[in-house]
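Participant: There's a structure below that I have some questions on.
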């Protein structure tokens, strides 16, 4: 019986255009790369290669794929952002400057080398290290003194200044606004803290209150309700009202009686801050006759009071020859008698039962016993820091609100 023998397929030895021995396998260039990448490429490189070599057209609709393009754009933007944020240049420069081939990486932060030098007015300045400076682990700050000890102590002394309590009795008259504004402008120039206590009789006027509000300093506006027709007694009662206020509220500071019609220097207010208990100084005065100037106050040897200036025979009987604006004292004497070892705890007040010109000495006798408890300001008492001038215009009437309702009697036409 004849046998039929099947031969091998004639296509086994044929080579196909795609390089495969299988006639039914079709591989594109991208698939060819991916197939080789399975054995030679890393997973990250295979992922990137797949993104770049994917087809731009979908199999179903043979149209451009916007979704894949947007994903690629977002990926490129993200990679560019990361590359832009990486400080390659600075890191490479640091690696070049620091020979890291023979060193280990260290995350320890070493302090910079600084040089500190103290000067008067300029406490310190810092010099940055140069490239060849030696790096150290510890820094010691040294202070080089370039001035005497007293000046350095003054610069570095941050002790708060004493408060000044300025008491001013006032009353309605033609020049009241001028006097209050002049004294207020001086107190504005004094370094704080400053408390201005202004005392009026019977009622607080709106004009005075407006001046105090616009002055820009700390103040208290008080009213003395005690009836008094005598000019001498009026000032005494007004000062006593301020003393009672200081005693009741236990205000701490240096009390100074400053009448509004006197003239003061800034040096006076800065000097009385150094008073510990009681301080006094000479005051220049204009005599009642207005034809000569007289001096009234202490004679000092340094800060020690050894005598008094006086020119009026009627006042030689006084114990202390001081003007009302020629002394200041610590306010704690009024409300803390144990601190100053006062023999009695009776309240300290000015007396209205004594003759005119003796109110000062009777008041000071309640504060100190003798000149040994006084301080002369400034040392030597060689300078006049305030003047007491009797320049009151008694013939002028006080206009309400300091405003003239009617025109003047004489009118001069302007050309």
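Heads up, the Cβ atoms here are built off N, Cα and C, so glycines get one too.
Computed from a predicted structure; not experimentally measured.
The region 'Disordered' annotation in TrEMBL covers 1-30. Among the features that TrEMBL reports, compositional bias 'Polar residues' is placed at 9-30. Look at TrEMBL and you will find 69-88 tagged as transmembrane segment. Under the heading Mn(2+) binding site, TrEMBL lists 261. According to TrEMBL, the site 'Interaction with galactose moiety of substrate glycoprotein' annotation covers 296. The feature active site, proton donor/acceptor is assigned by TrEMBL to 360.
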Participant: If one measures from the C-alpha of residue 261 (Mn(2+) binding site) to the C-alpha of residue 360 (active site, proton donor/acceptor), what distance in angstrom results, rounded to a whole number?
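Facilitator: Their Cα atoms are separated by 18 Å.
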Participant: Could you tell me the C-alpha distance between residue 296 (site 'Interaction with galactose moiety of substrate glycoprotein') and residue 360 (active site, proton donor/acceptor) in angstrom, no decimals?
Facilitator: 12
Participant: With the cut-off set at 10 Å between Cβ atoms, which of these recorded positions ends up with the most neighbours? Options: 261, 296, 360.
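Facilitator: That would be 360, with the most Cβ atoms nearby.
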